[in-house]
Amino acid sequence: MSAFRNPFDHRVRLHRGGCACGRHASQAEHDHAEALEARQLQDRVVEGAVMRALFPQDEMRRGFLRAVGAGTALAAVSTLFPLGLAKEAFAQGAGALEKTKLKVGFIPITCATPIIMAHPLGFYSKYGLDVEVVKTAGWAVIRDKALAKEYDAAHMLSPMPLAISTGTGSNPIPWTAPAVENINGQAITLAMKHKDKRDPKDWKGFKFAVPFDYSMHNYLLRYYLAEHGLDPDRDVQIRSVPPPEMVANLRADNIDGFLAPDPVNQRAVYDGVGFIHTLSKEIWDGHPCCVFSASKEFVAQNPNTYHALLKSILDATAYARKAENRKEIAAAIAPANYLNQPVTVVEQVLTGTYADGLGNVKKDPNRIDFDPFPYDSFAVWILTQMKRWGQLKGEVDYAKVAKDVFLATDAARLMKELGMPAADPARPIVVMGKTFDPKQPAAYVDSFAIKRS
Amino acid sequence: MRSARPWLAPLLSALFLALLVGVWYLATYQPAAEATVDSEYAALVGQAASTGAKSAMPTPGEVGAKLWEHLSDPFYDRGTNDKGIGIQLLYSIGRVLLGFGLAALVAIPLGFVIGMSPLIYKALDPFIQVLKPVSPLAWMPLALYTIKDSGISAIFVIFICSLWPMLVNTAFGVAGVRRDWLNVARTLEVSRLRTAFQVILPAAAPTIMTGMRISIGIAWLVIVAAEMLVGGTGIGYFVWNEWNNLSIANIISAILFIGLIGMALDTLLARLARAVTYRE
């Protein structure tokens with residue numbers, strides 16, 4: 001900066017080896033001292049904030065310092081509060097991106113809309129990132145590639161980070177879900193031949209497909225069936241089938257129906273193979289489905305990149321939330337590079353004006369919606385269902401796992417920075433008319449008649 | 001044996017092709033049906049669904065149009081997940097050659113050792129017999145888990161599946177070299193190394209080449225399945241991506257290309273095999 005000093009100021013020295021202020025031997029030394037000063041100033045601010053928080057009354061602080069001396073006081077405060085870490089974190093807050101070239105994996109379904117659209121619509125580049133979005137063949141593969149660090153971050157089903165963190169189905173590795181991708185946007189689709197069997201009580205012996213064992217689809221379908229008196233393990237068969245194979249299997253009569261992510265449901269209608277029995281929002285309006293996720297290690301090692309990435313996702317999600325942008329988004333994500341679907345199929349999913357497969361055009365603008373806030377209560381509900389169906393064994397500290405994995409605080413802070421409306425942490429969860437109390441997870445699990453635990 | 005009418009076989013082939021396309025055409029032919037739903041609904045669904053039917057198999061004409069589309073622009077690149085079929089095929093061929101080459105580097109020397117020493121042959125036989133029949137794709141999760149890189153995992157799977165035919169054939173060929181020749185070499189006091197290179201290798205070469213030919217066939221079969229699993233690039237990924245879009249016309253095009261490349265690879269190795277064949 002000293003190169004830009006005012007040359008018409010008589011106090012400024014431009015030549016003779018020394019620095020601009022004259023107190024240092026060279027310009028480099030001057031700059032170094034200036035940076036150090038700035039850093040010291042910043043550290044002072046952090047220390048000041050901590051001391052003010054510890055000693056609300058200044059008289060007390062001064063008394064304490066007089067009694068024990070500054071050195072002892074600093075040591076004592078440091079044991080109580082990681083001052084060094086706080087300074088480090090504060091200094092990094094405004095720092096540069098650790099990594100700008102990133103790889104983010106996704107599964108070609110409309111749940112991934114914010115992750116995908118951020119690429120063609122430029123939300124990643126807006127925050128200085130060069131992100132490659134990579135289409136991936138299935139949930140197990142995306143999990144393995146994320147675990148193998150081939151991807152920096154990935155699109156996952158919301159129960160997956162919880163399963164990875166608790167070591168269900170793989171070794172436990174601390175994983176995080178800092179943002180929910182979409183809410184609603186799934187449906188139960190049945191084969192055409194069942195168009196007169198709309199009552200779930202007639203579904204005994206049906207074969208259903210869900211995308212993955214650890215998916216909202218699995219838990220919602222099980223919940224729906226159990227509420228109608230069917231035992232999902234004994235009265236019907238539920239298999240995990242990758243989304244692209246679902247329509248083909250429905251066509252070949254291998255399955256009777258599925259609870260699947262879109263555009264699979266709409267695609268079944270488009271191809272005349274099935275009809276939409278019910279939207280998942282009728283089971284739980286506002287349920288989360290997919291999340292944006294990254295390993296705890298990535299978050300810790302690349303805090304600035306992580307924040308920039310999360311901001312671009314939040315920003316894209318906010319854009320996707322507005323109904324007037326949905327057509328543009330559908331056109332941007334339908335091509336072969338992303339979803340590889342006919343535009344009209346994606347458009348029907350995103351706008352909510354859709355053919356139901358039985359000859360009716362239905363309108364439901366909330367068929368899919370985008371709300372990034374990762375409520376702890378979502379995670380707790382998912383954990384209760386993992387427990388209910390025997391995926392989680394033993395005692396579960398619901399609140400702690402939820403807090404560790406769903407990074408609600410980060411999302412709240414960044415959403416505030418982006419000027420997005422704050423989420424209501426006490427938003428109620430009502431699944432098929434039954435209210436869920438996230439503070440009583442164990443009692444909730446016990447309250448079901450059909451369960452495996 | 002030379003046929004008196006050399007044009008007969010190609011003519012018959014062309015006739016079979018015409019018959020196949022004709023049956024295909026008739027099987028997929030659908031008279032234009034009246035839409036059974038109102039126009040607003042019809043605009044939202046596919047053409048078949050608007051007449052109350054399921055979407056059908058593509059006709060030969062549709063597949064032909066797709067083929068032409070791929071052939072007229074095989075090397076386009078519209079981003080990470082959308083590349084031309086030529087690029088995808090090159091990726092697959094590259095993977096196959098790499099995995100196959102590594103397997104040959106391991107299998108042929110090892111096969112030599114096994115074939116020359118009955119003791120090592122007996123000691124390694126149980127391992128070979130157990131590992132040989134394992135489906136290459138069964139290795140995939142293990143490879144992904146330990147190697148932690150999907151690209152290398154795919155090459156590893158090619159490697160492991162092309163290894164066995166080459167290993168077994170090399171060992172068989174080396175063990176089956178005529179005793180007389182070896183005895184002659186021994187009488188003339190030829191060194192062991194020279195015997196290996198100048199007597200055994202040429203004698204076993206046709207059998208080794210047969211093993212290589214079987215291996216490349218298997219490798220080409222497996223690459224499609226492996227790429228469907230790991231995704232990213234390659235003809236297997238292309239098939240998976242078009243399956244995702246339920247585009248049967250694209251899948252049929254891909255099947256044709258896979259068949260043609262497989263034939264080319266096989267012909268290449270058959271030529272090489274012929275070059276090393278000898279008359280006794």
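Glycine residues also receive a Cβ, built from the backbone N, Cα and C atoms like all the rest.
Marked as transmembrane segment by TrEMBL: B:7-27 (among others). Long-range contacts of the transmembrane segment (B:7-27) within the same chain: residues 57, 59-60, each at least 6 residues beyond the stretch ends and with a Cβ under 8 Å from a Cβ of the stretch.
Sequence annotations record features per position, and here TrEMBL assigns domain 'ABC transmembrane type-1' to B:89-269.
What TrEMBL lists as transmembrane segment is B:96-115 (among others).
Taken from TrEMBL, the feature transmembrane segment applies to B:127-147 (among others).
Here the transmembrane segment (B:153-177) has long-range neighbours at 95-96, 98-100, 102-104, 106-108, 110-112, 114-116, 118, 121, 128, 131-132, 136-137, 139-140, 143-144, 147, 199-200, 203-208, 210-212, 214-216, 218-219, 222-223, 226-227, 230, 234, meaning same-chain residues at least 6 beyond its ends whose C-beta is under 8 angstroms from one of its own. Under the heading transmembrane segment, TrEMBL lists B:153-177 (among others).
The transmembrane segment feature in TrEMBL is assigned to B:218-240 (among others). Here the transmembrane segment (B:218-240) has Cβ contacts under 8 Å with residues 83, 85, 87-89, 91-92, 95-96, 99-100, 103, 136-137, 140, 144, 150-151, 153-154, 157-158, 161-162, 165, 250-251, 254, 257-258, 261-262, 265 of the same chain, all six or more residues outside its ends.
Packing against the transmembrane segment (B:246-269) from elsewhere in the chain are residues 55, 57-58, 62-63, 65-67, 70, 85, 89, 92-93, 96, 209, 212-213, 216-217, 220-221, 224, 235, 238-239: each is 6 or more residues past its ends and has a CB under 8 Å from a CB in it. According to TrEMBL, the feature transmembrane segment maps to B:246-269 (among others).
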